[in-house]
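Read through the structure below, which is laid out as structure tokens, and then see the notes.
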Amino acid sequence: MFSFFRKKSAPTPAQPAAPVSPEADLPVPAAPTAAIAVVEPMAAPAPVVPPVAEPAAETEATEAARAGWLQRLKSGLSKTSNSIADVFTGGTKIDEALYEELEAALLMADTGVAATTALLDDLRQRVKDTRATEPAQVKALLADAIADMLAPLEKSLIVGEYHPTVIMVAGVNGAGKTTTIGKLTRHLAAGGATVLLAAADTFRAAAREQLAAWADRNTHDLSARELDPGNRVEIISQQGADPAAVSFDAVAAGRARGKDVVLVDTAGRLPTQAHLMEELRKIRRVVQKADVTAPHECLLVIDGNTGQNALAQVKAFDEVLQLTGLVVTKLDGTAKGGVLCAIAREKPLPVYFIGVGEKLEDLETFHAREFAHALLD
Ligand SMILES: Nc1nc2c(ncn2[C@@H]2O[C@H](COP(=O)(O)OP(=O)(O)OP(=O)(O)O)[C@@H](O)[C@H]2O)c(=O)[nH]1
């Protein structure tokens, strides 16, 4: 999820203005949009702002967008869900054979041994408690068990508490970092946040160009949706420079230009490449020199096809960056969607977003129940 609040009320043309704070220094939540849950800032007892009702047409558009997303999530996860759902279509009895088949299907989906065992124990108890007699009922109970297991991963990404909020994005090569930054920028900008991108992958010219292309795409998207034509997505880059120096400059520029968010795109690296992991540690350290409270979020982008290896990635990057959250990409077409259960069981970190495609709109906030149902439908 993503929550954004501003120090100053700054309504965009598409949104009704939020009430003005009686105390100038207190943050005032921006008016809610489809992607934003307005929260009270943690730092001060801000006035409670009642939700502003969306016009009917906007609500319909929001609902249609959400329904479209759910459909894409379901079809994206179909390789995983088909093999699990198959277990419930064959027999008519709830017996050991059913549990064994289920165990095999969950393991095939990369749910991992610990999470699979916990899920099956939980499921047996639920079956007993509800006196379920039909496999279809067991399927619904399994969806509940998965949703409960994934619930701790559901958390809001808070933006606006710091100015700028600095978000470092890391991951192995090709996990989808730059694409995620492009899509995340759309979320943030649609919520009224101004975004600056830092191209901290300074080795590859293509990486910088790719990020610049996402910045342009976002600027056009904002203008096309008449969200805030003045909100240009900017980028800081310098070919061949020290990635830490570019990140430092970006944080300083973000502050000087009054940006709400600085997203730092780092180069892909494997946990086994010690010098590159050390470089990541250095970027973090130097960002902290630019702003002693930063980075405010360190996100790891995981390719949803990675399966059990994702756990090793989470542990390795966490050691270096003290991760605050995850984004799981490429859930379209993966047969390994169970990996989120393994993460929930063994290294629970907030999953702020999930990605199901390469387009701007193919990233959404993670909802445990929604995901659990998509995994079984
Ligand atoms: N199908 C699908 N493809 C994705 C998704 N996210 C990213 N990709 C694709 O994955 C490929 C790699 O994405 P990048 O964003 O370049 O990955 P990266 O982690 O920045 O790559 P490096 O900087 O080289 O480490 C591209 O072809 C993207 O279009 C997703 O959610 N679904």
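Backbone N, Cα and C define each Cβ position, glycine as well.
Bear in mind that TrEMBL entries carry predicted annotations, made automatically and left uncurated.
Within 10 Å of the C-beta atom of T266 (GTP binding site) sit 27 other C-beta atoms, taking all shown protein chains into account. The feature GTP binding site is assigned by TrEMBL to 171-178, 265-269, 329-332.
Sequence-remote contacts of a segment are chain residues at least 6 beyond its ends whose Cβ falls under 8 Å from one of its Cβ atoms, and for the domain 'SRP54-type proteins GTP-binding' (350-363) they are 1-2, 65, 69, 72-73, 76, 153-157, 176, 179-180, 182-184, 186-187, 217-218, 221, 299, 304, 324-332, 340, 343, 371. What TrEMBL lists as domain 'SRP54-type proteins GTP-binding' is 350-363.
If you look up TrEMBL, you'll see 1-23 marked as region 'Disordered'.
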Among the binding-site residues G174, K177, T266, R269, the ones with a Cβ under 6 Å from any atom of ligand 1 are G174, K177
Which residue among the binding-site residues K177, R269 has the fewest other Cβ atoms within 10 Å of its Cβ, if you could check?
R269
Around L331 (GTP binding site), how many other C-beta atoms are within 10 angstroms of its C-beta?
26
